[in-house]
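Student: Input: one structure, supplied below.
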Amino acid sequence: MTRKGDLRQLVELRAMRMRRAEEQAQRQHNRHDQTVRALEAAKAENLAHDEQRRREEQALYSNLAQGTLDHRDLGRYRGALSDLDHRARDLEERIHGAERHERRESRKREELAAEYRRKQKLHDRIQILAEEKQRKATKRADLINEIEDEEAIRPKGRKR
């Protein structure tokens, strides 16, 4: 294979790798966006849970202040508050897990973006080299044509 063919093949291979790197970076970007949405949903659920807990505690304190609770009611409220505490701990752990996952996905996204930029630089360099080689080949062909044209119009009997 000629060097010209090698260079053309290298440009095509580089372009194919660029497309794959771009697709991979886009998939990672989408995964990161998905983890951000999951984190936001966990935080929103935690806020809603906190509001529910605040309302239930307020109802308990209100009933305690009025003295309208008996022993069974107090036990039921204590159980409900314990369940709310347990749920709050679960939600906090879910938020922390989602934050860790988001950080991992963010790091992967940045790594893939850096890899894409490196591949883009290589692709650009090869593309410039191919264009430069094509310009030189065109210039050489033009010079050869010019020499051939001069030789064709020069009288054959005379030497310079």
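The backbone N, Cα and C atoms fix where each Cβ goes, glycine too.
As annotated in TrEMBL:
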- 21-73: region 'Disordered' (REGION)
- 21-58: compositional bias 'Basic and acidic residues' (COMPBIAS)
- 89-112: region 'Disordered' (REGION)
Student: Per DSSP, what is the residue count of the region 'Disordered' (89-112) in each of helix, strand and coil?
Tutor: 24 helix, 0 strand, 0 coil
Student: Tell me the residue counts in helix, strand and coil for the compositional bias 'Basic and acidic residues' (21-58), as DSSP assigns them.
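Tutor: The compositional bias 'Basic and acidic residues' (21-58) comes out at 38 helix, 0 strand, 0 coil.
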Student: What same-chain residues lie close to the region 'Disordered' (89-112): Cβ under 8 Å, and 6 or more beyond its ends?
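Tutor: Sequence-distant neighbours of the region 'Disordered' (89-112): 21, 24-25, 28-29, 31-32, 35-36, 38-39, 42-43, 45-46, 49.
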